[in-house]
Amino acid sequence: MSSALWDKSVRVLQERIDERSFKALLALTRFHSYENGCLVISVPNNFTGNWIRDRYTDLISSVVNSFAEDFHALSFVPDQTLQKEITSDVQLPPSPQNQPSEPVTSVASYLNSRYTFDEFVVGPSNRFAHAAAKAVCETPAGAYNPLFIYGGAGLGKTHLMQAIGHEILRRRDLKVLYITSEEFTNQLISAIQQRSQLAFRSKYRTVDVLLIDDIHFIAGKDATQEEFFHTFNTLHDAYKQVILSSDRPPKEIPTLEERLVSRFEWGLVTDIQPPDIETRIAILQKKSEKSGLKCPSDMLFFIASLVKANIRELEGTFNRVLGYARAHNCPLTLETAQVALKDILDQSAARQITIEVIQKTTAAHYGIRLADLVSPKRSKMIALSRQVAMYLAREFTQLSLIDIGDSFGGRDHSTVLHACKKVRDMLSETPQFAKDVDAITKQLKST
């Protein structure tokens, strides 16, 4: 291990640590020595060294190990000459001479500066979860405790969780800790190996707000579940806020201990659904505006119609179009997007979902006759089934509102608009209805 390899390690760490923490901490470190697998790093003062050790030892060790296989220990030494390099625009943690041993406000690594409420696009699929998150920011541990957010990959759970962390830090002097369940488990294993469980527990049980992402990964890990059970109890009993995310509700997490399932349901369990087409378009508009681009609406509608699964895939597809346009010096137009995404378009065409398939699948799910959907009948079940079918036609086809209305017995476009709005509202308000629509959607995608 050499100075050059430490600098290389720091560059890797810069990609994995939030900008504020990196500038205030790791950017001020220097390579001191490396001997017999022990890496010694120079820091401006003991407090900075302790801060880094407490929060980043596991991450630093993982990165350094990739460059030095014999690495096994990390230590820090103060170097007063580094203190002079601290500039006025870098805010270090409070001085230990004037502050308690624990800082008033702390943030674990991985809080992404982009994941704020301002950057979060709200739509029917996430409106209730967003409202719950804002309520938690207003009164931590007073509104919903714990707050449990679940949903599929790439739908914005991590964004919403980290937005809570940022917002609470902006409003209050509280200790906030965000971490993934995988990192929680890894740190627990390290603590057991190093016989430092007391320090581990102190770290997690003295915070004001604990956010753990992908909590479902602790299922089946007996030691991790045991540790988190007691951590949860300690925080909850002390009126501290706990926020968790998962890919499914607590009761559906296999091998998760029942005592944890019940505790996760003490507060509020809310989900995030895949965004509807209007929300997908709004996400793309926000992304294009942030990039300083003027993208035509037909291009954005085309991308939003093509990618329905999740936000991560939607943004990736948008970036692909931008990359293609830059590489080929093309204007950002619908035609450019169609060429750039030809392979996706071909796959989509191969599994085209028609309005006839939507009507047939919806009618079968609700147990009504296909002819009833296009008839003048207005019984409650038939009217609801018709509205769902109209909503899905809007989601899965590129037909106009007028064309969709014509396919349902010649109804006008305002009826279709009303149906779509009603379904979106019910999706965020009625869990059983949301499950029904999700079941129909999955059936359509499997055809």
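These residue numbers are counts, starting from 1, taken along the chain as shown.
Glycine residues also receive a Cβ, built from the backbone N, Cα and C atoms like all the rest.
Predicted automatically and left uncurated, TrEMBL annotations should be read as such.
Among the features that TrEMBL reports, region 'Domain I, interacts with DnaA modulators' is placed at 1-85.
In this model, the domain 'AAA+ ATPase' (143-270) carries an average pLDDT of 92. The domain 'AAA+ ATPase' annotation in TrEMBL covers 143-270.
Counting only residues at least six positions away in the same chain, the Cβ atoms of Tyr115, Asp213, Ser245 sit under 8 Å from the Cβ of Thr158 (ATP binding site). The feature ATP binding site is assigned by TrEMBL to Gly154, Gly156, Lys157, Thr158.
Per TrEMBL, the feature region 'Domain IV, binds dsDNA' maps to 326-447.
According to TrEMBL, the feature domain 'Chromosomal replication initiator DnaA C-terminal' maps to 354-423.
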Inset, instruction - Using all protein chains in view, find how many other C-beta atoms are within 10 Å of the C-beta of Lys157 (ATP binding site). - result: 23
Legend entry - Among Gly154, Gly156 [binding-site residues], residue with fewest other Cβ within 10 Å: Gly154
